[in-house]
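J.: The structure that follows is given in the form of structure tokens.
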Amino acid sequence: MDSPSTTANGWIDEHHQGVRYGLQGRVLVDETSPYQRITVIDSSRYGKGLLLDGCWMTAEHQERHYHESLVHPALCSAAQLERVLVIGGGDGGTARECLRYQDVKHLDMVEIDRRVVELSQKHLPSLGSHAWSDPRLQLNLENGIAWVANATESSYDVILIDGSDPAGPAEGLFNQTFFEHCRRILRPGGVFATQSESPEAFRQVHIDTVRLIRQVFGYADPLYGWVPMYPSGWWSWTFAAIDGPRYRNPLPARAAAISAGCEIWSPRWQQGAFEAIPAFIERELT
């Protein structure tokens, strides 16, 4: 859909076939960039939030469900953390969580839409927080698909895909060519991770994504959690590596250093989230 619908009593809804998901609040910004429609809202339940092309992306008071689930299984398990790549993530939340690790020396964020960054910095400053001023962060306002295709082989220790649903500017983040380029630029001992949709609301997209990543990398597993404002609330992130499923085993020293500052992630939570694969998904993947 191109834009969220707003009802007379202040409900702002994301629509899909036969269902809708909404928050009550007011629209602060509704504009169209060269790439997508961007809406910023102030909700009574979750604070200020961001929608792209009418789909919920994030909100102040529940964003950690998403960002901690994407970042910490990868950064707690990769062999090295010197160079990190984030594709998308213009709200700043993924970069913020990555830069909590002192071993990260350089983080490339590649975000195609300048307005997503600018509006997030203005209206949702807590998401990016200190990351925007951290000298380790390099913001590249470029096409992430082209960036990955042109990057040097074995140039990143961790690659995180923080894109929207597979439509519009994010459509190319879900195909085999893109995943093959990610594998090519991942260093030995590295970890790749991407959001991989809802196993309930977008079941076939989720299954196809996990299957394709597993085919390309050799080792890949979905992790399941919840993002309250997303369709069905049930979400997934898929982690991959070339040299074995290292993403399942957080390194104790890193986990101890990072877990105290987390609201959702912990080694125990992560173990359960990987094991929480539904039977119907497991059957499809074996």
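Placement of Cβ uses the backbone N, Cα and C atoms for every residue, glycine included.
Per Swiss-Prot, the feature domain 'PABS' maps to 9-242. Under the heading S-methyl-5'-thioadenosine binding site, Swiss-Prot lists Q36, E111, N143, G144, P169, citing sequence analysis as support. Annotation comment: Swiss-Prot describes H67, D91 as spermidine binding site. The feature active site, proton acceptor is assigned by Swiss-Prot to D162, with sequence analysis given as support.
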J.: Taking the binding-site residues one at a time (Q36, N143), which has its Cβ surrounded by the most other Cβ atoms within 10 Å?
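T.: By the 10 Å Cβ neighbour count, Q36 comes out on top.
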J.: Compile a sequence-ordered list of residues in the same chain as the residue listed as 'active site, proton acceptor', six or more apart from it, whose Cβ lies below 8 A from its Cβ; state 'none' when nothing qualifies.
T.: L70, V86, I87, G88, G89, T94, Q195
J.: Once near-sequence residues are set aside, which residues in the chain of D91 (spermidine binding site), 6 or more away, have Cβ atoms under 8 Å from its Cβ?
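T.: Listed in sequence order, they are L50, M57, T58, E63, V116, S120, L124, L127, G128.
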J.: Looking at the domain 'PABS' (9-242) alone, can you tell me the average pLDDT?
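T.: Result for the domain 'PABS' (9-242): average pLDDT 95.
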J.: Whole-number Å only: compute the distance from the Cα of E111 (S-methyl-5'-thioadenosine binding site) to the Cα of H67 (spermidine binding site).
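T.: Given the Cα positions, E111 (S-methyl-5'-thioadenosine binding site) is 16 Å from H67 (spermidine binding site).
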J.: May I ask which of the binding-site residues Q36, N143, G144 is closest to H67 (spermidine binding site) if we compare their C-alpha atoms?
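T.: If we rank Q36, N143, G144 by Cα distance to H67 (spermidine binding site), first place goes to G144.
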J.: Tell me the Cβ neighbour count for H67 (spermidine binding site), meaning other Cβ atoms within 10 Å of its Cβ, over all protein chains shown.
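T.: There are 27 of them.
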J.: Please report the three-state DSSP label of D162 (active site, proton acceptor).
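T.: Looking at the DSSP assignment, D162 (active site, proton acceptor) belongs to a strand.
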J.: In which DSSP state, out of helix, strand and coil, do we find H67 (spermidine binding site)?
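T.: The three-state answer is helix.
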